[in-house]
């Protein structure tokens with residue numbers, strides 16, 4: 001017993017280089033993200049960072065259901081738009097804080113997710129994709145003619161003279177918007193990480209591999225799909241709420257469209273579906289690149305970037321469905337030497353020294 005206790009104490013002294021590098025890397029990343037708006041004082045760069053984080057949240061929302069799960073949504077703009085309109089209308093008409101509007105938007109989006117999913121989750125995955133795409137344009141038509149939500153004119157948020165975190169306005173100061181969207185991004189990614197490591201995450205991965213086999217083993221397919229659908233819709237709604245409060249304007253054509261849904265899909269597929277970091281990596285690549293393309297082409301090339309990204313999605317689906325992170329995993333053998341070195345302990349125990 002004494003020897004076992006000593007061995008256990010010695011083993012706890014083993015610290016791999018990889019662990020040290022992960023901790024140091026995480027701290028450096030946190031410091032960089034927190035200091036980003038103070039290092040880069042250009043509003044253009046801050047705006048890029050804000051939009052990147054926002055679309056990364058949306059990409060993760062799509063990734064929960066269509067990456068980890070087995071239902072490929074083509075209309076996550078539904079939930080994005082509902083989140084945007086819920087906060088915008090409640091704040092504009094009734095003075096209700098956008099934070100409360102965000103929660104209400106999540107509830108509305110979750111309800112719509114259950115309604116859409118109830119008949120389509122029982123069918124093959126393709127039907128869910130078609131249903132969400134069709135429902136997107138249905139909502140677009142409804143909101144274009146619904147006077148209570150501003151019809152085709154949209155909703156303009158009232159401008160406040162003073163910055164107010166309760167009212168989600170900061171007098172054109174992008175630093176506060178950056179920290180809010182970064183906070184929402186971290187929360188959403190922690191939630192998805194928790195889900196991926198939970199029993200629910202195990203179930204949805206099993207369902208994606210073989211739904212019938214999972215069902216035969218006692219997995220409640222409908223229940224788990226509905227839960228994942230609610231989580232996915234809620235995250236997309238959060239991104240929509242932030243969009244409306246950041247832009248201070250929302251209209252049916254800007255939220256209920258295929259471009260919004262495609263941005264979610266692109267973030268996840270480019271970085272790597274069914275991964276935690278994939279949607280963020282994808283957003284970091286395609287948001288700045290899209291801005292550069294639009295700036296280079298100008299007004300004469302309107303929507304050219306969307307055509308390009310649509311082509312990229314097709315290529316990824318055919319040749320690289322695992323995305324950028326998948327490529328690194330597939331070529332891990334090239335880094336096997338580095339990986340082995342990273343796993344070696346930098347603090348050797350007395351137990352190891354005795355063997356030498």
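Backbone N, Cα and C atoms are what each Cβ position is placed from, and that goes for glycine too.
Feature annotation from TrEMBL assigns transmembrane segment to 20-40, 46-65, 77-96, 102-121, 128-149, 177-195, 225-244, 264-287, 308-328.
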Taking contact to mean three or more C-beta pairs under 8 angstroms, with sequence separation of 6 or more, is the transmembrane segment (264-287) in contact with the transmembrane segment (102-121)?
no
In the same chain, which residue numbers or ranges, 6 or more beyond the ends of the transmembrane segment (46-65), come under 8 angstroms Cβ to Cβ?
36-37, 40, 71, 73, 76, 79-80, 174-175, 177-178, 181-182, 184-185, 188-189, 192, 195, 228-229, 231-236, 238-239, 242-243, 246, 260-261, 263-268, 271, 273-275, 278-280, 282-284, 286-288, 291
Would you say the transmembrane segment (308-328) and the transmembrane segment (225-244) are touching, if the rule is that at least three C-beta pairs must lie under 8 angstroms and be 6 or more residues apart?
no
Does the transmembrane segment (77-96) make contact with the transmembrane segment (177-195) through 3 or more Cβ pairs under 8 Å, each pair 6 or more apart in sequence?
no
